[in-house]
Every structure is written in structure tokens, then in C-alpha cells.
Ligand SMILES: C[S@@+](CC[C@H](N)C(=O)[O-])C[C@H]1O[C@@H](n2cnc3c(N)ncnc32)[C@H](O)[C@@H]1O
């Protein structure tokens, strides 16, 4: 029996298989899956190491290919299906660490070590750079350094101050706009229409300090389990989870006729999350069929989004409805809002201004789009996001609550400043 192979030996082969799927350019697949979704499949082991290696290999792939081809590493090799493994091995040899001769591919790459390293140095000299990242296109460098990590504190488990104290050294920032904008009263009945995995559900429950009731609907059974797990982990006891098609809920049934606020975060294309999903590392899509299938999908999503929003606006006691997507497409955002305006007016709803101080507003495609909020990955250092708020005209509570909330936030800031000052003294 041979010696035990190091874990990295298997991780590299796993990464090579994922890389092959990504580079194969299966358009249907590329439209639906992100790098993360491939890595988080149950069959993948050592997910963290795999994700890190696939991302880094993709990031440097043009450089690696340049070097591999300049030394003719793949020429004359019989097994053409292994190009990706050689890219991964070249990555590790040049940018990470020495590779061990744990397999015949490793042995082959090690036999060309001197030529590969010389080609690497030549490329750096040709491009007149002294660091590896100098070889990357400027957009990749910008994106890599741009997006910070955001967190929301589960106030059912610890206070914001406690969390801030722990996170202070990291300089973290919390934002979870839709639940914050819905701003329900503590004793309200609230509906999270499309809830799984449940991040906004538990945020709502926390904002309501465990009081009132949040009913969370989820259509898909598998995702229902994820939602239940999130709720359990959050320790929230004011959430009722339902396996339910939101479109089929009867707004006048006794269970729902008292609902005062609805958070609608429906299925969307997710086009705003492409930076954090690392889609910029994927090869550029080409071909008519890819573009066409994306448009078809967005149309289908927009029809569902419109139907769900109209349904939300038809609940008799509802005072506030928040609609949000992590899409940057006008078709799923401003167009959906514009298409329901008449229906909204007939139910006495008007658009409320979402976070009035936020600088980036809806695209100016209709009168009123300035009430809508957009975020943008590069401008705002977060996912691309869209939020709209509908307020029933008879409701007087919005302004009062907003004022109360912002004075609470100011109070907390002042307290933190004082505490910090005290520590410094
Ligand atoms: C964008 S995700 C919601 C994310 C969630 N708000 C969060 O922050 O964690 C949309 C969810 O709506 C579910 N969904 C889609 N159509 C639905 C319907 N007709 N009724 C209820 N849930 C639905 C999807 O299965 C998916 O889990």
C-alpha cells in the first residue's frame, strides 16, 4: 500500500471538477448556479478550503493560462480532460506553496517547476509589476478590495451594544433594510410572505422584541426546513412557520384579517448579489440562448412579483407593505412598483419614502420613484438591493415610529461614545 495522500491532494481534484463545470460554459447551469452553490453541495468535502482554492484559481486564471501555455505544459498530454487540474496545480506551485509529489500530475508539474517559475518572472517583468495582483485586471482588483462584511445583531440573543463591543476591533456595520423599514409595532400581527431562509423573519421577530406575532410562509418544502432551523437557532418564540403558497392565502380569513404589516421579499434573479456570489470570476457568457433564457426568466419572476405584491396590498387591515429584492433589474424593481400603483391607490396605499437620508434612489422611470431605495455594490459597498414601502393613507404611525427609532439610535450612539471616552480616560 502507498503512503496516505495529503488532504490537499483530494481538494485539488475536487476544485478541478468544479472549475471544469464553471469553464464548460453550460449556459443554463451558469444562469442558475453560483460558485458557492457548487461548493456547498453535500458531496463536497472541506468546503472552506475548496471555496478558497476555486476562488483564487479563478481570480488568477488568465495569468495561470498565460504561464501554462507559454511553457507548453499541456502540449502532447493524452488526457485532455485534466487541463483544470494542471491550472490548480500551477496555481499552488506559483502562488501558494511547494506541492508534494502525491500523484502523477503533481510529479509532472514539479518536473516543469523551473520553466513555470521562469515564465512567471518573465510575465511580471513584461507587465512591469512587482506584485502578483498587479497582473490582475483593474476591475477585479477593485471588486476584491471593495465589499466589506455586514452583520445584523440577533437582539434576541445579545444587545447591539454587546455585539458592537465584540466587533469594534473589526469595524463591522449592520444593515438589514426591509425589516427595519417595515418597522412594525411590538404587538402587531406581521406576515413574512416569502420567508425562507428566514433572515428577515428573525430580524422582524427581534425588532418586535419577541412580542406580537410573525407568520412566515414558505412554498417549498425543502426550504421550509431551512426556515425552521433559522427560527430555532434565533431563539424566537413569536414566529409561526407555515408551509404555504402566499398567493393562495385568503386575506379575509380570520387568521389573516388582522395582519397589519407584510414583508414581501419574493424570489428574484439575485442579480444584485453577483459580486458577493463571485460571478465576476466566472467566464463571460456568450451566445444568444443565454441572454434569451435570462430575459424569459426575469419576465416570469416579474409576473410573480407583481401578483404577490398586489395580493399583499389586498389584506384588509394591512398598514405597511415592504417589497424588496436583491436584484438590480428595473424589470423586477421599479417596473413592478409602477405596475401596481393603481391597484395600490384603489386600496388607499401610497408610496412611503424608504430611508429618506439614503442617497441612492429608484431609477427615475416614473413620478414617485424617488421614494424607492437602491443600493449598488460598488457605490454602497454592499449587495445590489431594492426596497419599496407602501403605507396606507389612514396610518399615522410611520413618522412617529421613525422619529422614535432614530432618537433611540442616536441615544445608543451617544452612550457608546461616552463609554469609549471613559475607557480612554
Ligand atoms: C428571496 S427568498 C426570501 C429570502 C428571505 N426573505 C430572507 O431574508 O431570508 C424567496 C423565498 O420565497 C419562496 N417562495 C416563492 N414563491 C412563493 C410563494 N408563492 N409563497 C411562499 N413562498 C414562496 C421561495 O421558495 C424562497 O424561499
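Glycine is no exception: its Cβ is also placed from the backbone N, Cα and C atoms.
Copied over from TrEMBL:
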- 326: active site, nucleophile (ACT_SITE)
- 218, 245, 265: S-adenosyl-L-methionine binding site (BINDING)
- 414-425: compositional bias 'Basic residues' (COMPBIAS)
- 95-393: domain 'SAM-dependent MTase RsmB/NOP-type' (DOMAIN)
- 397-425: region 'Disordered' (REGION)
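Here the features listed in TrEMBL are painted onto the structure.
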{"residue": "218", "record": "S-adenosyl-L-methionine binding site", "Cβ within 10 Å": "26"}
{"residue": "245", "record": "S-adenosyl-L-methionine binding site", "Cβ within 10 Å": "12"}
{"residue": "265", "record": "S-adenosyl-L-methionine binding site", "Cβ within 10 Å": "21"}
{"residue": "326", "record": "active site, nucleophile", "Cβ within 10 Å": "20"}
Exercise for review: State the residues, same chain only, that lie 6 or more residues beyond the ends of the compositional bias 'Basic residues' (414-425) and have a CB under 8 A from a CB inside it; answer 'none' if no residue qualifies.
Suggested key: 161, 164
Review point. So, by DSSP, how many helix, strand and coil residues make up the compositional bias 'Basic residues' (414-425)?
Key: 11 helix, 0 strand, 1 coil
Check your understanding: In the same chain, which residues outside the set 218, 245, 265 have their CB within 8 A of the centroid of the CB atoms that define the S-adenosyl-L-methionine site?
Key -> 192, 193, 194, 195, 196, 216, 217, 219, 244, 246, 266
Practice item. Quick one: of the recorded positions 245, 265, 326, flag those whose CB is under 6 Å from ligand 1, and say none if nothing qualifies. Key: 245, 265
Exercise for review: Report, in whole Å, the straight Cα-to-Cα distance of residue 326 (active site, nucleophile) from residue 245 (S-adenosyl-L-methionine binding site).
Suggested key: 21
Practice item. Please give the average pLDDT for the domain 'SAM-dependent MTase RsmB/NOP-type' (95-393) in this predicted model. Key: 86
Check your understanding: Quick one: Cα separation, residue 265 (S-adenosyl-L-methionine binding site) versus residue 326 (active site, nucleophile), in Å?
Key -> 9
**Study point:** Between residue 218 (S-adenosyl-L-methionine binding site) and residue 326 (active site, nucleophile), the C-alpha gap once rounded to whole angstrom
**Key:** 18
